[in-house]
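Report on the structure given below.
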Amino acid sequence: MKMIQDRYKGFAIVLAYAIVPLSGIAVDLYSPSLPAMASDLHVSVLKMQASVSIYLIFYGISQLFVGVLLDSFGRFRLSLISLLIFSLSSFAIAVFPNIHLIYFFRAIQGISIGFVLVAKRAFFVDVFEGSKLKHALSLLTIIWSIGPITAPFIGGYLQTSFGWKYNFYFLGGASMVGFLLDWIFSGETLQTPARFHLKGIIGNYTKMLGTFDFILAILLSGFAYSVAMIFTLTSPFLIEHTFHYNSVTVGYSLLIIGLGWLSGNLLGKALIKTDFTKTVFIANIVQFVMVALMMVFFRFAPNLYTLIGFTFFIVMMSAFIFNNSFTYSLSRFPKAAGVAGGLVGGVTYILLSGITYLLLLFIPVKELMSLAWYDIILISGISIVFLSFLRYKRRQVALQRASCSC
């Protein structure tokens, strides 16, 4: 097995950071093209949005079992093969423009990128430890934010200049470059593979799923990420059909919201040593204030600027909450990084796909106020989960003090 070489280690770390955003780019790159794709393929808005949900749910499901395989059989080979499959399936979507085939290849993409992402998360756990690991994982969420910033901007121009198929040609080409560089410069980082023992694996999952703060942190991540995703899925239709702008404007709008997501992640990293239970509470309050103001402006002054302005701060606070909760859950079980990383990512993305699809199913995208109701529901979900987390942590502290006094 090809082990990672010390002389290439620095470049391999940079490369891992560069590959991670592919998971988000796979959604954000073609989001400005959703209306055009629905029209070109003669399908409904909901059916076109379902291509995103299918990708996310298979992306999430794959991560549930990927960690076990990576801890037992290594990170490098499985990640490399999966990156190649992801690239080829991207080209296939462009070559075979049929909604059912798109669904199939999006499912393949979700599974393959699940292998890649969990492997890269475990890569960082292998090469870093202690406070360096915490900072590396926090930086990982920041680097991942590059996708939502750049991808819609690029996708909007590709849609306007060449058509939606070129989004997938671009995605296939970028992932193929990542595959070749990873093959040449990276290598295996797992020093001691875990024995593939089913009983032990089930024990690990049982232990993690029975850790209440771990589960609540994942739920918090799912709701926080859904705030950004619901805007990604609905904004192309709102901006094009309500305000009558083109896909380039959609790309610029998503670029601004992506900067909001990046800002929230940077804020999370800057305050990484602060008690996040206090800062998350403040962030959630800011969200409620912003969505209340947004509803007032939607009623009396509906325009693109109010839509983007208020959403920017709502998404920024969601990113801050996501950064804190995701980092917390990822670093909760460092001795089983692959399993933990897979479980964290898997449950988060299954929640994400389920929550967003149900919202779109029961509250169709017809007007601006639909987005406000999505935000109210999701932000309320964040509040409920966070208060449960806070209550649990306080109870744990009280129990520890009681045991010490005895």
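Placed from the backbone N, Cα and C atoms, the Cβ positions cover glycine too.
Note: TrEMBL annotation is automatic and uncurated.
Here's what TrEMBL has on this protein:
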type     : residues : note
DOMAIN   : 12-395   : domain 'Major facilitator superfamily (MFS) profile'
TRANSMEM : 12-30    : transmembrane segment
TRANSMEM : 50-70    : transmembrane segment
TRANSMEM : 77-96    : transmembrane segment
TRANSMEM : 102-124  : transmembrane segment
TRANSMEM : 136-154  : transmembrane segment
TRANSMEM : 166-185  : transmembrane segment
TRANSMEM : 214-238  : transmembrane segment
TRANSMEM : 250-268  : transmembrane segment
TRANSMEM : 280-298  : transmembrane segment
TRANSMEM : 304-322  : transmembrane segment
TRANSMEM : 343-365  : transmembrane segment
TRANSMEM : 371-392  : transmembrane segment
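Counting Cβ pairs closer than 8 Å and at least 6 residues apart in sequence, the transmembrane segment (304-322) and the transmembrane segment (280-298) reach three or more and so form a contact. Looking at 12-30, 50-70, 102-124, 166-185, 371-392, the range that has the most CB pairs within less than 8 A of the transmembrane segment (280-298) turns out to be 371-392. The transmembrane segment (102-124) shares the most Cβ pairs under 8 Å with 50-70, out of the stretches 50-70, 136-154, 250-268, 343-365. Here the transmembrane segment (12-30) lies next to the transmembrane segment (166-185) in space: the count of CB pairs under 8 Å, restricted to residues six or more apart, reaches at least 3. If you count C-beta pairs under 8 angstroms between the transmembrane segment (214-238) and each of 50-70, 250-268, 371-392, the highest count goes to 371-392.
Listed stretches 50-70, 136-154, 166-185, 371-392 were compared with the transmembrane segment (343-365); the greatest number of C-beta pairs under 8 angstroms is found for 50-70. Distant neighbours of the transmembrane segment (371-392): 212-213, 216-217, 219-220, 223-224, 226-227, 230-231, 234-235, 238, 277, 280-281, 284, 287-288, 291, 294-295, 298, 307, 311, 314, 318, 321, 355, 359, 363, 365; these residues of the same chain sit at least 6 beyond its ends, with a Cβ under 8 Å from one of its Cβ atoms.
Using a cut-off of 8 Å between Cβ atoms, the transmembrane segment (250-268) and the transmembrane segment (50-70) share fewer than three residue pairs, counting only pairs 6 or more apart in sequence. The average pLDDT computed over the domain 'Major facilitator superfamily (MFS) profile' (12-395) stands at 90.
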